[in-house]
């Protein structure tokens, strides 16, 4: 009896909810656990933008967005459970943004089989850039290998284009994510003649004394970091402790939020991080977000994350998703698109400065065009620097083009290996 | 002196300091196990909760602000005041005592004389509850903790060693403070356990709950006292680790660093926690320094457990643990 009642209540709740809305977007967020401090602003930005579209524009192309949130706790198993539980929500999920390389790796075969696209913006499997092998995975506008190249380009620029003999250390999370840039950095070392040393840090990264003693002893000219969560905060604090020059310490974009530097106080001033989008809240879209979402009490979170690095990144991910929906609607002549049509929209997405300006985010992200051969965008990224007194990251360079001579070859090699392992015939 | 030898000496010194930080976490486990035979899985989360509470009190943060705002539609986040560090520490200790009393009233009072595995399972539940409760109470953003402890390289040691060896050793000021605090804690706790009336009662309860009850020892008082002491130790550990990395939810994972220390030092010995911590700290750092580069690094986490396992083979009760003698 109790079971029957529960089932009836659940069914009633599902029927009464927003399940009938047409465009279902799933936010696999993590608002709890050790990585919540990073998961919350991204999720807030992602959801708030879709809420803005619903409130201000009545959705996209006249269809409301049905936002479904599922808590993963940054746990891969829970992420897969979320996917399975939500893929049939509403009229079927159109898109997943897992925000976890571990979850992404698990979802690639599932989502491909189900025909649901994944957008792994700046994370996940780098060689998914090759759409001929990964038709349902998109990682525009930039990937880890682009990031490695951006860091080296920045160092080259600072040294008049010659870094032969320089010592560069990579402090990385000892996981698939952290190991991503190694091959690219090794190839770039052959090209530019620098000496690369590798310093892995075990999860979660609260204790890094050994790594930073080695850095103190080896005295590298630059330190690059591929970290996440507490590893970032401890690394930056240890760098401050050994008096490593912060302007020579460059983190990937997942090591470059306010959360990572604030704990180290003024000592973190000058720390650099890569980014593939602009920073701050000085954009017209923020007026709309405050008016239609935050002040209206419809914000996904407390409304206190607007303008932070990760909020901006979540919002950017939502902008790119919404623009892909519009592209798909135009291509297929219907507003109520399905996941397969969403994939087409993503594969034909073109982001121009005129489009970004019209959306209220001028000069916010690089221009790029997606195609079947290129699911990863143009590989543009810039460098930001932490200003401790102002309490914000500031963009200090133009967007760099990554070294496609090396990266394109690595993408082709890795995706070909994946295709061979999985019996995929590549083709566009 | 060869560079590698100097680097090795620096690594050993830093290993000793890191070991003290591990021991600070292990001490909380030892206290509760010693008095109640409970392996407190929630000790790491208690360190997190204590540090969250300390920062929250210092910063004048409104507890449960998100919940209050969601229910009442208000926008309250801060009281608008800052509480001095010492007063905030005292208030946090009171919160930890209240937590100890509540845990005893709601959980362990009902589990007297249950199998150790039941008590262990209860602490797993407590850990997850406390983590979620801390999240609702104080939020999950990363908080900077500044109680005035010095951080960064100690210039005196740097200059001294540079004068002697031509190479200045790096020793973190925070590690020096942690060492002094840990030494004081251990001495105080040993004296308390050996010579105070409550300390002797605590040991009696550890030996046999029923026998202790039969001679008039209040089990409730002893357990609340021990959990309060463990809460205090958790606060100290939370301050040290929270100062290093900011107060955030991964603080609860520091318990993983304490397990090999306990296996090595013994679950029932307060000095054992310190000695175990020092051996693990030096062992893992030296291994990483000497062997790490040959095997790709990141050896510390697993090597600590290997080291502890080697000791376990020869001395299952740990270096300082009490030998278990079962009479039939």
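Just so it is clear, glycine is given a Cβ too, placed from its N, Cα and C backbone atoms.
The structure displayed is predicted, hence computed values, not measured ones.
Residues or ranges marked as transmembrane segment by TrEMBL: B:12-32 (among others). When Cβ-Cβ distances below 8 Å are used as the criterion, the transmembrane segment (B:12-32) is approached by residues 38-40, 43-44, 46-47, 169-172, 175-176, 178-179, 181-182, 185-186, 189, 226-227, 229-230, 233-234, 236-237, 240-241, 254-255, 257-258, 261-262, 265, 267-270, 272-274, 276-286 of the same chain, each at least six residues removed from its ends.
Feature annotation from TrEMBL assigns transmembrane segment to B:38-58 (among others).
According to TrEMBL, the transmembrane segment annotation covers B:79-104 (among others).
For the transmembrane segment (B:116-134), the residues of the chain that approach it from at least six positions outside its boundaries are 36-42, 44-46, 48-49, 52, 103, 107-108, 249, 252, judged by C-beta separation under 8 angstroms. What TrEMBL lists as transmembrane segment is B:116-134 (among others).
Long-range contacts of the transmembrane segment (B:176-195) within its own chain (CB-CB distance under 8 A, at least 6 residues past either end) are made by residues 16-17, 20-21, 23-24, 27, 31, 34, 149-150, 154, 202-203, 229, 233, 236, 240, 270-271, 273-274. The annotation transmembrane segment is assigned in TrEMBL to B:176-195 (among others).
Sequence annotations record features per position, and here TrEMBL assigns transmembrane segment to B:221-242 (among others).
Under the heading transmembrane segment, TrEMBL lists B:254-282 (among others).
Counting same-chain residues at least six beyond the ends of the transmembrane segment (B:302-320), those with a Cβ under 8 angstroms from any Cβ of the stretch are 257, 259-269, 271-272, 275-276, 279-280, 283-284, 287-288. As annotated by TrEMBL, transmembrane segment applies to B:302-320 (among others).
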